[in-house]
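Summarising the annotation, TrEMBL assigns domain 'Mur ligase N-terminal catalytic' to 27-100. Annotation comment: TrEMBL describes 112-295 as domain 'Mur ligase central'. Sequence annotations record features per position, and here TrEMBL assigns ATP binding site to 114, 115, 116, 117, 118, 119, 120. Taken from TrEMBL, the feature domain 'Mur ligase C-terminal' applies to 318-443.
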């Protein structure tokens, strides 16, 4: 709860309250959505590419809002309601959040970015810390210039740690988010191929993600994935004044990971010789968990508390989610897909032992920019016929995976479909008892529709 008076809010966002008689109205929550706004909330009319929240100010007041922000001249205020006038509501939202968190003296902010693993890492960190500390975190993946202010404004004087996810789909965005939050700890999980459409190269993606250091406090800590070659070399080239901590399977990492075992029940691994067991599968989840373990160590969390927290963590749906069906399992990793995350998913499927047949159902990887065709072809060339028994492909771009993969697979083991129904029919025929079925594609491919049907097969 904010627990701020309107004159304080006006000062924090560099705005002007329309009438001093409203100075002492207390605000606990700021809402950007009139569909969910509640009595006594304050309304923030966000401006997007296809909408302008100023249109809904009267609706906000009709639903009980006690005040609103408005760009100068955008609202005529016929009933002399409390209004804080600003030059730009989106910028005012950022200013308010940035200045508000400065007031929270005991708050420590952990900022996380990266191409993959942000949300899982955020959840793991919160799980490790929440037994001993009051922790709040980004809800879902609200990680942009609107989501981050919403997250920061949920913190209050009782919050010990705020775990903030930061995303980008263009140049200059991470810099804004980092300078807004002023984190005590900044983390980069990895550099992948997400948002190549906007950022063009992985080097550009790394440069953009590294702007998370811009707002890092002078006595802060920067944590990064030492297994990521591009990131590792970029960090070496920078004169980072804050303390840096690296993690990875490379022996020159500060926290050296060794994976001992990974099966359907989870993963066993060691960090600098200390063994951990987590109910998450795949090397990428080991890396995500390692970040949470490092954070636990920095906050002096007891090792057993860390182990217990990681042992209880449940995976978010559609992110390396192992679904036990009637006689076979589905590895549902259909939340998103890019070359890096797809390679991780295939590696995870390969690590899982005890299956008599492994089937990969793959759809398009989207938003890869000018190289989208070649990136799909690369995946097709890389998929090993020794690790995948049958490969089923769906989507216009996935035809490029098919065209390359079919060159490596002997026999009739690679199939392309132009409809989900045809793919499902083939999958039903191929799935046998004790099969593992990996399903992965970009979110908009809606591969959960395939999973819904296959999960009800009775073998």
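Cβ atoms are placed via backbone N, Cα and C, with glycine included.
These numbers come from a predicted model, not from an experiment.
According to DSSP, residue 120 (ATP binding site) is assigned to a helical segment. Taking DSSP states H, G and I as helix and E and B as strand, the domain 'Mur ligase C-terminal' (318-443) has 47 helix, 30 strand, 49 coil.
Here the domain 'Mur ligase N-terminal catalytic' (27-100) has, by DSSP, the following mix of helix, strand and coil residues: 22 helix, 16 strand, 36 coil.
Counting every protein chain shown, the Cβ of residue 114 (ATP binding site) has 26 other Cβ atoms within 10 Å. The Cβ centroid of 114, 115, 116, 117, 118, 119, 120 marks the ATP site; residues of that chain outside this set whose Cβ lies within 8 Å of it are 112, 121, 189, 190, 288, given in sequence order.
Scoring each of the binding-site residues (115, 116, 119) by how many neighbouring Cβ atoms lie within 10 Å, the top position goes to 115. Packing around residue 118 (ATP binding site) is summarised by its Cβ count: 22 other Cβ atoms lie within 10 angstroms of its Cβ, all protein chains included. Around the Cβ of residue 117 (ATP binding site), the same chain contributes 189, 190, 284, 287, 288, each under 8 angstroms and 6 or more positions distant in sequence. The DSSP secondary structure for residue 114 (ATP binding site) is coil.
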